[in-house]
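Report on the following structure.
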Amino acid sequence: MENIRTLAEVDPEIARVLREETQRQEEGLELIASENFVSPAVMEAVGSVLTNKYAEGYPGKRYYGGCEVVDVAENLAIARAKDLFGADAVNVQAHSGSQANMGAFMALMKPGDTMLSLDLNSGGHLTHGATFNFSGKLYKVVHYGLTRDTETIDFAQVESLAKEHKPKVIVVGASAYPRTLDFAKFREIADAVGAAMLVDMAHIAGLVAAGVHPSPVPVADIVTSTTHKTLRGPRGGLVLSREPYAKAINSQIFPGIQGGPLMHVIAGKAVAFKEALSPEFKAYQRQIVANAKALAEALQRAGLRLTSGGTDNHLMLVDLRPKKLTGKVAEEVLDKAGITVNKNMIPFDPEKPMTTSGVRVGTPAITTRGMREAEMAVVGRLIGEALDAAQDDAALARIKGQVKELSQGFPLYASRLK
């Protein structure tokens with residue numbers, strides 16, 4: 001039969017892409033804070049026959065027949081997410097974090113309503129009201145930022161703007177903020193002005209699940225997340241809420257902004273949630289934070305400045321201005337050395353978003369490989385050496401060899417290269 005031929009037989013070009021990407025992940029150091037390595041079990045679920053099944057609607061209330069089996073998968077995902085985060089209601093159908101946010105916003109606001117959120121240049125996310133994003137086009141957006149001296153959230157500004165603009169929703173969450181988020185303080189401000197509180201915990205969901213970071217679930221009205229990043233599941237979205245918001249959220253996700261859910265991805269989410277309920281996952285999350293602190297110290301020893309002076313979570317922002325480098329150049333230099341990071345705006349950055357003055361560095365992926373504090377000292381040193389050798393391709397090639405040697409001691413998907 002045609003459909004039982006292997007990928008290499010059907011499409012050798014894509015088979016080569018898979019092999020080369022596996023090799024890149026295997027031999028390099030993945031330090032992009034939003035990336036992680038899923039388990040073979042998650043990959044098995046996502047690459048399964050569930051990709052064949054349409055299932056518009058929700059368990060027990062589908063618009064298609066033959067959904068009795070996939071209903072089991074979705075109900076498992078919902079139950080496990082409730083258990084993991086202590087949420088009243090859960091929607092696991094959002095295809096991405098952006099769609100989770102869109103559904104949540106539409107459940108809370110009408111077009112033209114006001115939201116108060118962290119500015120993108122201060123570490124926020126584009127779905128939190130960036131002018132070029134749907135959120136900035138549909139809603140009136142007021143942004144809060146950071147203090148110049150501490151480079152942490154300026155709560156005096158948050159409170160002042162909330163009182164002035166009376167937002168319908170206060171959005172809490174970030175894509176590049178290395179410090180603990182004070183959810184209780186945001187709740188206090190939201191209550192004072194009659195605003196709903198939405199937390200986007202996409203970056204810290206794994207830390208929250210393990211109790212390593214305070215949970216927003218008891219204090220927020222709605223919590224959104226991705227299911228990858230620190231949660232280490234497949235790429236997708238998740239919405240947690242108090243029960244009164246559940247019906248509105250569900251109707252906005254489907255049929256509001258999506259059609260059929262991705263049942264193979266929902267099954268992968270269920271697997272990831274089960275993994276996240278284990279004691280091993282909690283230990284893993286603790287190690288992510290320990291590794292981040294160790295890596296931050298190593299980078300500082302290498303002469304690099306970190307915004308806010310360090311990190312409380314899984315990521316850090318490196319200010320490259322003292323090195324006379326841009327984030328764009330640093331990303332390219334480190335890539336030559338087999339170290340993957342992403343250029344990132346830093347607080348009060350004078351550069352443009354495609355240039356930036358910094359890079360974002362995170363530890364979830366290398367912690368999944370089994371690396372610990374001792375390896376973080378090595379990684380920090382190698383980053384420093386690579387940036388100091390920005391114009392020396394021979395030196396960068398030597399560092400890449402050291403990176404490969406280090407990585408080979410912590411195999412990931414090596415069996416897939418055989």
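From the backbone N, Cα and C atoms, a Cβ is placed for every residue, glycine too.
The structure displayed is predicted, hence computed values, not measured ones.
Per Swiss-Prot, the features are as follows:
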BINDING   Leu120, Gly124, His125, Leu126  (6S)-5,6,7,8-tetrahydrofolate binding site
SITE      His228  site 'Plays an important role in substrate specificity'
MOD_RES   Lys229  N6-(pyridoxal phosphate)lysine
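All features noted in Swiss-Prot, drawn onto the structure.
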residue	record	DSSP (3 states)
Leu120	(6S)-5,6,7,8-tetrahydrofolate binding site	helix
His125	(6S)-5,6,7,8-tetrahydrofolate binding site	coil
His228	site 'Plays an important role in substrate specificity'	coil
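When the Cα atoms are compared, Lys229 (N6-(pyridoxal phosphate)lysine) and His125 ((6S)-5,6,7,8-tetrahydrofolate binding site) turn out to be 15 Å apart. His125 ((6S)-5,6,7,8-tetrahydrofolate binding site) sits 16 Å from His228 (site 'Plays an important role in substrate specificity'), taking the C-alpha atoms as the reference points. Around Lys229 (N6-(pyridoxal phosphate)lysine), taking its Cβ as the centre, 28 other Cβ atoms fall within 10 Å, counting all chains. Of all Cβ atoms in the shown protein chains, 25 besides its own fall within 10 Å of the Cβ of Gly124 ((6S)-5,6,7,8-tetrahydrofolate binding site). For the recorded (6S)-5,6,7,8-tetrahydrofolate site, residues Leu120, Gly124, His125, Leu126 set the reference point as the centre of their Cβ atoms, and the other residues of that chain within 8 Å of it by Cβ are Ser117, Leu118, Asp119, Gly123, Thr127, His128, Gly129, Ala130, Asn133, Ala174, Ser175.
Residues within less than 8 Å, Cβ to Cβ, of Leu126 ((6S)-5,6,7,8-tetrahydrofolate binding site) and separated from it by at least 6 positions along the same chain comprise Leu120, Phe132, Asn133, Ser135. All protein chains shown were included, and the count of other CB atoms within 10 Å of the CB of His125 ((6S)-5,6,7,8-tetrahydrofolate binding site) stands at 24.
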